[in-house]
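According to TrEMBL, the protein carries these features:
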- B:10-140: domain 'Methylamine utilisation protein MauE' (DOMAIN)
- B:12-32: transmembrane segment (TRANSMEM)
- B:52-73: transmembrane segment (TRANSMEM)
- B:80-100: transmembrane segment (TRANSMEM)
C-alpha cells in the first residue's frame, strides 16, 4: 500500500493531495450511512406490547399498579444474559403470569448484526403473543457471537416449535420489519447509560451486578425488598 | 554515528508510520461494524456527558481509520503523527483515570469495551502499548520524512520545513 512514490519527487504534491481527498471521501462515505442508521425514528413500526414511554421496551403488566417494576437490558447474543435468563426466567415469568411485577424487556443489539436480527424476530414473535416463549427458546439455542447461525430461516424454523406458522410472521422476519424499533431500543439504552448486559433495574434502581445476577435467591431477595 | 542515522532515519520512519498507522487503522476498522458497542465503550469511561460520549463513540472509529490510512500512505505525515499521538495521549489519560477510580472496564481499543469482571482489567498493558505508540508519533513528528511516503521531498533528508 505504501509503495506509491511521488514521481515528481520535488515540488508537486498533486498525487498526495489526490490520495488525501480519496481517503477522506471514502471515510465520509462510510460514516454517513452509519450516522443515518443510528438515528432514532419516532415513526418506527413497533411490535405489540411495546411501550414507547418505557424506552421502547417490551412491557408486561403495564397497567398493574403497586408492584415492583423490573427492567431488563440484554442482548440475545450475550452469554452473561443467557446465564441470567437460565437462572431467573422461570421466576420472572411466574411474576408476570401472577401479575406480581411489571416487567420490561429491552433487547439491545450492541453485539452486532445478528443481535439486531434476533431482536427484530423477538418483536415479530411478540405480535404472535409468544415473546416470552421465543425469548427462552432463543437463549436455549444461543450460538457463538456472530457465527452466521441466526438467519431469517433459522428464526422461522425455530418458531415452528412454538406453534407459530403464520405468513405474516415469516414476512416480518424476512423483511426485518422492526429494524427501526431495534435502533430506537438501542438508542434509549445508550441514553440511559447502559454499559453492560445484562443490566437490571428494580423500581429504577440498578441491581447489584456481583450478587443478584448469579443467584436466584439473591435476585428474589432484591425483588421482594422493592 | 550521525551518518548512519541519516541512512536509517527514513526507514525507521517508515516502520513507525506502518506500526502507528496500522494500529489506528485496524482499531478503527474493528469498531465500525458495531457502533452500539463503540458508544458503550466510550460511555464506560464515565468522563463525558452521555450524549457527547455517544457521538464520540460513533465518530471515533472513522477518525482512527482516517489517521491510520493517511499514515500508512505517508500523506500529511507530520500532521497525522501529531493527531495520532494526541489521540493516544487522550487514551492514556482516559485509561489512567478509569484505573485510578477503580472502574472495571475494557479499554475498547480494538472493539469490545464496557464493563468487565473485577480482576479482568488490563490497564497497565493498555497504557504501555499506547505510550509506545506516542513515542512513535513523537519520532514521526520530529522526523516526518520517511521512505515510500507520498509527502513531497522524501528524497532529501531535511524536509521538515516542507511538510504541510
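Placement of Cβ uses the backbone N, Cα and C atoms for every residue, glycine included.
The DSSP breakdown of the domain 'Methylamine utilisation protein MauE' (B:10-140), given as helix, strand and coil counts, is 98 helix, 6 strand, 27 coil. Cβ atoms under 8 Å from those of the transmembrane segment (B:80-100) belong to residues 17, 20-21, 24, 44-47, 63-64, 67-68, 70-71, 107, 109, 121, 123, 126-127, 130-131, 133-134, 137-138, 140-141, 144 of the same chain, restricted to positions at least 6 beyond its ends.
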